[in-house]
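Student: Please see the structure below; I have some questions.
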Amino acid sequence: MYANMKQTTMDPFDVPEAQPFILEGSNVGFLFFHGFTSTPQSVREVAQHVHSMSGVTVHCPLLVGHGKTPIALAQTGHRDWVASAEAALETLSSQCDRIIVGGLSLGATLSLNLAARMPSKIHGVVSINGSTGLYRPEVVAPLYDTDGQDFVPGIGSDIAQPGMSEICYGQIPRETLRERFLLTNTTGALLPLIQQPVLILQSRRDNVVDPDNGHRIATLVGSADIQLRWLERSYHVATLDYDRVLIATRIADFLNLSSR
């Protein structure tokens, strides 16, 4: 099916910035997931700021199928990404007594999914431009074009600040993107189960995820401790955009409150 694409490692994924990492700190852990088709590079700077501000242990894993080739991603689905996230949670849980999970885009969806299903292991959740069931029609419609190609153009580097870029795939397997929407819908149905404190950071000018997802998450989660904070200057990849230091500050403050 994917014979027309040569499976080779793409040079940007070999750089240190794109690799998974752990920043050692206190016995409070922050598990921080990157987005769909991306790598830890997209959240690295924010993670470093959070670590220096709060002193917590920060773990940014590389999700299965990412950081290699689009064909590697095509061989995975939503169950694989969830399993990858659960494995990272176990890794951090072996080092820390209290865990807060968070992420960007797909990483936010995975964080909400884990928080809903594993309440005894997770003490708070951070969603940055997460999607849980509201879509941009122009993004979804091409996925169901029966005459479409196996791969669709990538959705990375939606960044307002000039000169900033995301290390991510330039093409996305159509079937894998459908898997992404399956995970989104499944997680949306789980939102009422989330009782932990929730921090929602949502860009008003997000060209990938419908910004109304921020309101949707805030409305549907079962938690009584909800913060919805709007990002006024950033697009979808807000962790590489104008608001990245603000994001780190918001997360560090949230971690300090959630770890008490």
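Numbers run from 1 along the shown chain.
Glycine too: its Cβ is placed from the backbone N, Cα and C atoms.
Quick caveat, the model's predicted, so the values are computed rather than measured.
Below are the features listed in TrEMBL for this protein:
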ACT_SITE  Ser105  active site, nucleophile
ACT_SITE  Asp206  active site, charge relay system
ACT_SITE  His236  active site, charge relay system
DOMAIN    31-245  domain 'AB hydrolase-1'
SITE      Ile155  site 'Important for substrate specificity'
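Are these features on the surface or tucked inside, and what touches them?
Tutor: For Ser105 (active site, nucleophile), the same-chain residues 6+ apart in sequence whose C-beta sits under 8 angstroms from its C-beta are Gly35, Phe36, Ser38, Ile128, Asn129, Gly130, Ser131, Val208, Val209, His236, Val237. Ser105 (active site, nucleophile) falls within neither a helix nor a strand when secondary structure is assigned with DSSP, and so counts as coil.
Taking a C-beta cut-off of under 8 angstroms and a sequence separation of 6 or more, Asp206 (active site, charge relay system) has the following same-chain neighbours: Asn129, Asp158, Tyr235, His236.
When secondary structure is read from DSSP and collapsed to three states, His236 (active site, charge relay system) falls in the coil class. Take the CB of His236 (active site, charge relay system) and look out to 10 A: across all protein chains shown you find 26 other CB atoms.
Counting Cβ atoms from all protein chains shown, Ile155 (site 'Important for substrate specificity') has 23 others lying within 10 Å of its own Cβ.
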Student: Give the mean pLDDT for the domain 'AB hydrolase-1' (31-245) on the 0 to 100 scale.
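Tutor: So the average pLDDT across the domain 'AB hydrolase-1' (31-245) works out to 93.
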